[in-house]
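Engineer: Supplied in structure tokens, the structure appears directly below.
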Amino acid sequence: MVATSPLALLRRSSPACGEKGPRGPGAEHAASAAPYHGLEKSHHHHLDGQHSRGRYGFLAERKASETGLQPRLLRAADVPGWYAANGHILTGYRAVRPSTAACIASLTSLHNETANIWSHLVPALVALAGNYLVWAYFDTRFPDASWPDRAVFHVFLTGSVVCFGVSAAYHAMLCHSQAMHDLWLRMDYLAIVVQILGSFLSGIYMGFYCETRLRGVYWTMIGILSLLTCIVVLHPRLQSKEHRILRLGTFVATGLSGFAPIIHAATMFPYAQLDKQAGIRYYYLEGVFLLVGAYAYACSK
């Protein structure tokens, strides 16, 4: 028996350069299918690339939760386009996770929505506490005050709770999913309308305290404008980027419409009386902030 080394067997079984080796019944099929296997592998690699951003984000957050560390923050290139809609924010994104509990848990971590969440959540809690304090103040200092005089303060404060609370929820739920993002974005728009409505209902009530007819006219005006604004911001065909200016314009027009009763009241009453009666100086300041905010929003994307 002749001893044969593994290297010799390998050389014996491999055809020399230019020499055709033995071909079995399936050899031709395997050879012809080889390019297609390469294409299939490349196609799967492309699909993996398309889904890698979402999978990477999920695995990063799961690993962080298992180790007890803060979830890893992602870049704008690692998250879907609907999530990284603001081109000026490049880092600090939470991983996309369709979990309400995970979104709520992110309130205690640091990311690019932390300031947005807490700058709305804290005022919402303050306005909520203010509702109780106003009720207690009237109950102890002005127990004979009429219910409209009491309610007008609660209308304003409740509008503030809704506006800031819903906005905090929107920023917290931003990393949930695209469907949840779109839902809370519309809710955020509606909450802004509620805030505008509550602000001007109370201001018109105090500014035209004895002029019930004028009060009714301006309440009707702001109510109709608020309804039209809701239709614009909720209509499915008006949600694209091409209609951003239209949506913004409805908010600005509705907000600035409040200056119609202000100017009217300024022609009827002395400034000192109007300022003492309705705090007119704060409405002027509100108009300035409204325009500044609208300009910042228009330039943000």
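Backbone N, Cα and C atoms are what each Cβ position is placed from, and that goes for glycine too.
Those TrEMBL annotations? Automatic predictions, nothing curated.
On a predicted model such as this, the values are computed, not experimentally measured, just so you know.
So TrEMBL lists the following for this protein:
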type     : residues : note
REGION   : 12-32    : region 'Disordered'
TRANSMEM : 117-138  : transmembrane segment
TRANSMEM : 150-171  : transmembrane segment
BINDING  : His171   : Zn(2+) binding site
TRANSMEM : 183-205  : transmembrane segment
TRANSMEM : 217-236  : transmembrane segment
TRANSMEM : 248-269  : transmembrane segment
TRANSMEM : 281-298  : transmembrane segment
Engineer: With Cβ distances under 8 Å as the criterion, find the stretch in 150-171, 183-205, 248-269, 281-298 that has the most pairs with the transmembrane segment (217-236).
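Structural biologist: Result: 183-205.
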Engineer: For His171 (Zn(2+) binding site), just give me the three-state DSSP call.
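Structural biologist: DSSP call for His171 (Zn(2+) binding site): helix.
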